[in-house]
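**Student:** One structure, as structure tokens, below. Some questions next.
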Amino acid sequence: MPRTHAIEDYRNFGIMAHIDAGKTTTTERILYYTGKSHKIGEVHEGAATMDWMEQEQERGITITSAATTCFWRDKRLNIIDTPGHVDFTIEVERSLRVLDGAVCVLDGNQGVEPQTETVWRQADKYDVPRVVFVNKMDKIGADFFKCVADIIDRVAGKPVCLQLPIGSENNFRGVIDLIKMKAIVWSGEALGANFSEEAIPADLAEQAAEYRTKLIEACVEMDDDAMTAYLDGVEPDEDTMRRLVRTAVQRRAFHPVLCGSAFKNKGVQPLLDAVVDYLPSPADRGEIKGIDYKTEEEVVRRPSDAEPFSMLAFKIMDDPHVGTITFCRIYSGKVESGANLLNSTRDKRERVGRMLLMHANNREDIKEAYAGDIVALAGLKDTRTGDTLCDPTKAVILEKMEFPEPVIEIAVEPKSKADQEKLGIALSKLAAEDPSFRVSTDPESGQTILKGMGELHLDIKVDILKRTYKVEANIGQPQVAYREKLTRRTEIDYTHKKQTGGTGQFARVKLVVEPNEPGAGYAFESKIVGGAVPKEYVPGVEKGLNSVLTAGILAGFPVVDIKVELIDGAYHEVDSSALAFEIASRAALREALQKGGSVLLEPVMKVEVVTPEDYTGSVIGDLNSRRGQIQGQDMRGNANVINAMVPLANMFGYVNQLRSFTQGRANFTMQFDHYEEVPRGEAEKVVAKYA
């Protein structure tokens, strides 16, 4: 099937915001007005089209980014709905990587909220042009102008109003279009309510004139001819204004601001017009850089069907009907179902089975896809998030995505053997879908350990295990990954002798054990000369050492950064064996760790708290009570940014406590920084708990 829309007529955009700003409702209205969805889904009824996982519908939050295609004014819109919760920023990050533009939705009452800041910074990182939609203008306390000021103060944005609200709270009835200089008024709140263009109300005429002047002045900055004409007293006409706003958005010179109430069906159609008029097409975004698979030199791929094929996998989902679905953004060339592609990131061949166009969780089979398309592929075996798929004859590796390290872990124990099997399958699927979620096995207890970005992140994963995969399991409390370390050099001479009737056991080892450089890990060297310990027994020595190093001597945690030298020993012709040397070295190392002053190490997190100034004292006091060390603070807009180093053990439950004592106005990020010795009093508690 040939291309139905020119690449210039595509708009690949995401809807991003803080949790509860009305992002999913806005998307639902867009789908309704573009004719894709004939029954509107309300989030608070748990029926939104884009929120199709049970966990999302219950919690009223969006967890996975669903992709959907719709049409407006003969343009093809590919929308990615993204989550707004801090534990799911990975979803936002990977959506932004493949978008050309974004609509940032603000809650008219709350303005720029913590997660808005995070998402805005991520959009800056990927240079994503955006327009702002101030939603919930019908809410008590909604303040359009405070929201505009927030964009300047809190995210250093450059807002320029394209609309002003008419009325507020319960009396919100429409908007003033500053380009047309007309009032757009909706006749009711019902779905598909009609709107009419009217003269601007007299009481708002002066304000409208003032903001139109600001808009014109921002626009003419984009074009020398328009600036010259304006200085000569000629204002740009409507078409010129739209062209100049479009230029400004593409250059990220300013951020156009619109307003409305998605829930009350006001302001959605003008928002769709703004997406079409101002957000870039793939052609506007231009070429993408990559690395040539063979020569490793930089190459470019232009957004054209004639270029060699390349696309990026940005999300993997498990679908009960189709199996694994891989969401991909095509940057260049075209692809047909059945095509053989190269996964250049992993050097694996992949065959495209079914190719699907997604609408939330409905799907439509397609045979061909082109540059600019966002498609879902079924049947890929080895592809993971962030991988490049391309034409094997012109292979390229596109820029990879960066994923943060998990900071929290819980143990999971299946209740039966059948659950054990289901758990294995489910976890491998979940880990493939989400790169910030890791799975490992504890070598001592054999328990399965889940690692993630935060408590809600792991809660949702456990919920999916229980509901979607029907795994019955016991879930442990969140745990800290402690380590043990030797503090001083020590020498041990140990003899293992056991005589029972028949063959006995005999082995003597002399070890020098000392701390290694931080991060250097474990090193073993045999310095035996003259056969004091025969070569065939040295692996037995190493096996004994390893068994102690994996579990330490204090509380069952691995020993890190240690050097062991075998410098002497003795054996017996009849009674010595590899097993005897294993037992001797195990006992020798345990003794060395005791004599050498083993200590516990704990992970220390780099924590950044962004808080309104009123709460700074409370935040610092609370961090100090968690054994935190304040590293410094500075202002960001009107918020205070506090940097601290805090042991992970003291950060469990922090997100909820921070929210409660700052009324949800502070937010924080944390990532692993280094391991540090646990103070003696704390270490005694840890040993008592785990030993």
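For all residues, glycine too, the Cβ spot is worked out from N, Cα and C.
Okay, these came from Swiss-Prot:
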{"type": "BINDING", "residues": "17-24, 81-85, 135-138", "note": "GTP binding site"}
{"type": "DOMAIN", "residues": "8-283", "note": "domain 'tr-type G'"}
**Student:** Looking at the domain 'tr-type G' (8-283) alone, can you tell me the average pLDDT?
**Tutor:** 86
**Student:** Helix, strand or coil for Lys23 (GTP binding site)? Use DSSP.
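**Tutor:** DSSP assigns Lys23 (GTP binding site) to helix.
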**Student:** Return the single residue from the binding-site residues list (Ala17, Asp20, Lys23, Thr82) that has the minimum number of other CB atoms within 10 Å.
**Tutor:** Asp20
